[in-house]
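Participant: Let me begin by handing over the structure; questions about it come next.
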There are 6 protein chains.
Amino acid sequence: MEHMEVRRADGRGAGDLRRVRLERDVMKNALGSCMVEFGDTRVLCAATIEDGLPGWRRASRSGWVTAEYAMLPASTGRRTRREFGQRRGRSQEIERLIGRSLRTATNLRALGEHTVTIDCDVIQADGGTRTAALTGAWVALHDALAAWVEAARIPRIPLVSQVAAVSMGLVDGNVLLDLDYAEDSRAEVDMNLVCTQSREIVEIQGTGERTPFDRAHLDALLDLGFEGIERLIALQNEVTAFRDEA
Amino acid sequence: MEHMEVRRADGRGAGDLRRVRLERDVMKNALGSCMVEFGDTRVLCAATIEDGLPGWRRASRSGWVTAEYAMLPASTGRRTRREFGQRRGRSQEIERLIGRSLRTATNLRALGEHTVTIDCDVIQADGGTRTAALTGAWVALHDALAAWVEAARIPRIPLVSQVAAVSMGLVDGNVLLDLDYAEDSRAEVDMNLVCTQSREIVEIQGTGERTPFDRAHLDALLDLGFEGIERLIALQNEVTAFRDEA
Amino acid sequence: MEHMEVRRADGRGAGDLRRVRLERDVMKNALGSCMVEFGDTRVLCAATIEDGLPGWRRASRSGWVTAEYAMLPASTGRRTRREFGQRRGRSQEIERLIGRSLRTATNLRALGEHTVTIDCDVIQADGGTRTAALTGAWVALHDALAAWVEAARIPRIPLVSQVAAVSMGLVDGNVLLDLDYAEDSRAEVDMNLVCTQSREIVEIQGTGERTPFDRAHLDALLDLGFEGIERLIALQNEVTAFRDEA
Amino acid sequence: MEHMEVRRADGRGAGDLRRVRLERDVMKNALGSCMVEFGDTRVLCAATIEDGLPGWRRASRSGWVTAEYAMLPASTGRRTRREFGQRRGRSQEIERLIGRSLRTATNLRALGEHTVTIDCDVIQADGGTRTAALTGAWVALHDALAAWVEAARIPRIPLVSQVAAVSMGLVDGNVLLDLDYAEDSRAEVDMNLVCTQSREIVEIQGTGERTPFDRAHLDALLDLGFEGIERLIALQNEVTAFRDEA
Amino acid sequence: MEHMEVRRADGRGAGDLRRVRLERDVMKNALGSCMVEFGDTRVLCAATIEDGLPGWRRASRSGWVTAEYAMLPASTGRRTRREFGQRRGRSQEIERLIGRSLRTATNLRALGEHTVTIDCDVIQADGGTRTAALTGAWVALHDALAAWVEAARIPRIPLVSQVAAVSMGLVDGNVLLDLDYAEDSRAEVDMNLVCTQSREIVEIQGTGERTPFDRAHLDALLDLGFEGIERLIALQNEVTAFRDEA
Amino acid sequence: MEHMEVRRADGRGAGDLRRVRLERDVMKNALGSCMVEFGDTRVLCAATIEDGLPGWRRASRSGWVTAEYAMLPASTGRRTRREFGQRRGRSQEIERLIGRSLRTATNLRALGEHTVTIDCDVIQADGGTRTAALTGAWVALHDALAAWVEAARIPRIPLVSQVAAVSMGLVDGNVLLDLDYAEDSRAEVDMNLVCTQSREIVEIQGTGERTPFDRAHLDALLDLGFEGIERLIALQNEVTAFRDEA
């Protein structure tokens, strides 16, 4: 597990993120929006706020944050069919992950009886679409809430923390951070980590489909993950100046 | 109908197009792609080619060109629901229009037993999404076919013509070209024109939902439309150099 | 374009309609109904009026007119599958055309908070089902509204105009009116025209899927279309005596 | 149970059928068709034959007969919604009843590897739509098979029997034949009987939703039913001359 | 028809039921539940009561009883697909039968504005699943209503009768009671009977798909059926002591 | 985190499993079946093997193992709606987890071109349905494969490992093993662990929806989880004697 010696196809070290970009305000009609890039993976995140709550949530009088995730058909190497008719299990799993994580970051009571929807549409897929989507979705959420503060709809941004996500994996026996598609396709172990700015875990998902893994590998993967999250949190903070506001 | 005196909200004259941009090669995984902008309307067009034909088309031994059209939820002022479950009639109508028009432009026999799908995803909607989509879709189609020529899959680009589309309308009694959303919303008459580079009509659709219109207005609308198409065809030609190849 | 010399398979001249019949009151349970025949094409049109409006329309306090279109499975030469599960784009396109056109003919405000649905079910298909449907649908709509006047639900028939529809096409180089299925199948250009009794255009749709067409042909097609509409309007008027009421 | 004294709203006696009409050859494109009327109930039955068998039936090398049943929206007093999306249990139950009964009447082995579909579309509903549909469907099936004999596709009509259907019910304590909608709506017991020309039972369905019934009533209902079937069989035979062929 | 001489594969006589078990209180979360076994056929019946009524029923101010029926995929010899997407006609037919029969047994007005749903899930299928389901469903319904009496939600159990169901059939010319899957698969005639404790018929369904049957056979089948029902009613009464309460 | 002092509602210590039962051969028609109970949570697991592979898998010539998961409507305190029409994201997520984990345990190449489906139907839900389901599913899979060995369809059981699953959580600040529904509903952190008999991780999922958690808590949760898995593996081994075979 001396992973620092590894040289990856794109020249990165084992613990390096791909080039990450967070471009805000890319959609005129969305309250908050962010084009996020993790290398060649590009996801368009857009936040809209609607009055009212889903029926089952109405009694709570607290707000709701939810996400929708879809891939443009030409975002993948081989054209992906649109999800008319039947949603794919994978898409729903990702939506649930993003929704849960953003709700952890939000003071739903302070949000009041409003529903924020974060649409995450994958423009280009090269591995790590869910982690990129979540990292950008937080920025879109922040900006939509900030717009509502400006519009005097709420007194202050009801966010309790930042959240960002990154993937880790065991590839050819090496522990790597932020897998691209080629790495992900042959990974023995695939893991996703969602954390806050204080290194607290919001979500951890790890799968050894090809081969199970022991606790020592789990620890090594987590070490890398925490480091990656820290850099993503810093980038988010750079574009939104969230921590300074808080 | 001395429409040239009109001054529109964005400063355009009655017969002016909005600023039009055709940016190619915007998606790494698509064989051909084009981000098309008609003012604030932005549509991402991506062409992919698959071997084989839809079942009902198999006997023909000719190729097939089809289109899919969708709007990102946050592309509109008020969030549009995704078309899971039930396709919207409007989307299917636009897909059928784009597919038909591109097939008219293509030598399907020369294409051989392949299916080209043009995905048109509206990133931002400000009126004229179907005309922008078709104009960009032709560029994506051209580039995908050119890539296949380069890959020696086909001897030459099997296109018999260029096609572009523009909208016209009667707004507050004025005959206008290329309506934006605000104009379109209050138009008495709404028309779309698809033409080739030689001013031949591929498709004409005109609706007087608010009020029917007489033949003199039809003629005035068509005059504007043909001029607009000519400029779009020139722009397409500029980015693809299609006419020089031919 | 001296189309008058053409002799068609059924003996008609280029500018002749097929035998058209409009039989009223063919369904005991519908408020208004009309079996319309354009030659062998037969469509059963039935109008029902329900209190209330679709949800999205409620704020308007104006009425609504909508249409549904379907083909009986055995109406076509080869059995057509029923549209359980997934609506066909073509059917929805026709429904939208009929609904839009009838709304143009109706004073929705005077109709009040009621929804009129015109069901158009194709019993036998031999080309021109959408134009026959629309022509018959207007009669069914008229009769349903007349029945409501008689029932003292509304003071007078809230129709502002008559609308009828006809198809035209370019077949083997000839400009023809009211195509039957055999002509339609090999038409180079296919066009539908919806007009009022004062030759005003409600809807125009023209497609050159096989080959694009120039403006001279468009004009010749329109000339024929206006003549055809005039005769259909006269027939509608004959059975409903609408113009005399007005 | 001295039911013969009963006088019904339309003047019929307890054991009388409504006026029954079987009009053949009403659809140009169907191989066999029949408009059947039981009083104001009108059902259009159309038979088409396709080569091949449904997948699960292929191994049998025997033919298949199936039915589809639907109501036009305006066939009922209050508009019935079309079954897009979700089929109604009632419609499927009726389809299954008609299909089963017609298969009993058919020599499927002699039919060979073909599928006959009988479409039963209710134009006007006034009670007894399923029994009218089945009675007319047999005529359409007969005629389609006769057309195939004429076309030399099969040597002789592969029917082993006639089948017809009628409803019976207990209404206000009276045992009645062939209920119309008003009677059916308040019936204590509702029964349907499908029989052959030799009084053999193909299907019997009886329901006492309002109140259960004893065996004496069952017997009285069956007595009426057998008589009604006999008359329907005679009418079928009159229009098709089936028994003379056999 | 001297059916008493017949010896069946499992040793039963023609008029014998399989071993029947009714085990109550098998589901902790259901208000009433019953695992019913007719030989190897096992169905889990569970009754839940919800406040309120389905929309179309609201005006009645009476209660509603409905059923849902499904088979576990592994309940059958060859795995049955789950009914995601499209309900099977057969399942809906069975649900409707069970719902209708239980409503006949219930005083809906006394139930008040509540909806009882009886879920019948087939754990193991060996013929007669619908008759077993109905027989067990009545027990689950009884127990749920008894629990509501105990909870002081209603003053007394609003049941007007017991209902049970059994199948009969003509197999190799023999009239048999309570067919198992092997018998059912080759039956010439298949019949189901639902009766009350006083031998009144709630529902009778008989089908001669392979061959129609005469009235003498119908009578013999009914004789057997009434005897079977009597024994099932006694068993229901044994476990619930319903008649003693009444 | 001295969790051993905790006393839970049912008397368990923090690190205790509920009473676990694995009952085999509970379904006559399934090749392998297991009723698994974790306290009041009961899941019926049934394995069936079909020849052939899903389309997309065919090229691989290796076998496939997949799972389906559903809850009986009355398995929960409040009736759960059946998943007709639209699958729930949660169910698909659980199916994917179970399928992935069982595939890790299986030598798919040795299985050959067969598809094993494990149906997991929740009879009673009291927390931990997915971990109970997976633990029982492995037993059903084992038994189905053993049956195929006995039937001489494959030379030996193609399993490479045992897998079992357990839940852990942080409840009121306490680290607990195998949460029941009441504990799960108020847990701050919810985690599921799938491991093999050699303490290797197949899947780890942890969520801090109410509050994120630090790495020390993660470690404490994992410690408990590994102990629980060890006991479940021993129980599986007891009923199947797998390790002795291997």
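Going from the start of the chain as shown, residues are counted 1 onward.
Every residue, even glycine, has its Cβ placed from backbone N, Cα and C.
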Participant: Looking at TrEMBL, which one out of A:Arg87, A:Arg88, A:Arg90 binds phosphate in the same site as A:Gly128, A:Thr129, A:Arg130?
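Facilitator: The candidate from A:Arg87, A:Arg88, A:Arg90 that TrEMBL ties to phosphate along with A:Gly128, A:Thr129, A:Arg130 is A:Arg90.
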Participant: For A:Arg130 (phosphate binding site), what residues in its own chain, 6 or more apart in sequence, show a Cβ-Cβ distance under 8 Å?
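Facilitator: A:Arg130 (phosphate binding site) has long-range Cβ partners A:Tyr69, A:Ile94, A:Leu97, A:Ile98, A:Ala165, A:Ser167, A:Asn192.
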Participant: Please compute the mean pLDDT of the model over the domain 'Exoribonuclease phosphorolytic' (A:17-144).
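Facilitator: Value for the domain 'Exoribonuclease phosphorolytic' (A:17-144), mean pLDDT as a whole number: 94.
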Participant: For phosphate, what surrounds A:Arg90, A:Gly128, A:Thr129, A:Arg130 with a Cβ no more than 8 Å from their Cβ centroid?
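Facilitator: Same chain, not in A:Arg90, A:Gly128, A:Thr129, A:Arg130, Cβ within 8 Å: A:Tyr69, A:Ile94, A:Val122, A:Ala125, A:Gly127, A:Thr131, A:Ala132, A:Ala133.
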Participant: In whole Å, could you give the widest CA to CA gap in the phosphate site formed by A:Arg90, A:Gly128, A:Thr129, A:Arg130?
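Facilitator: Value for the max Cα separation, rounded to a whole number: 13 Å.
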Participant: Quick one: what's DSSP say for A:Gly128 (phosphate binding site), helix, strand or coil?
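Facilitator: Where A:Gly128 (phosphate binding site) sits, the three-state DSSP reduction gives coil.
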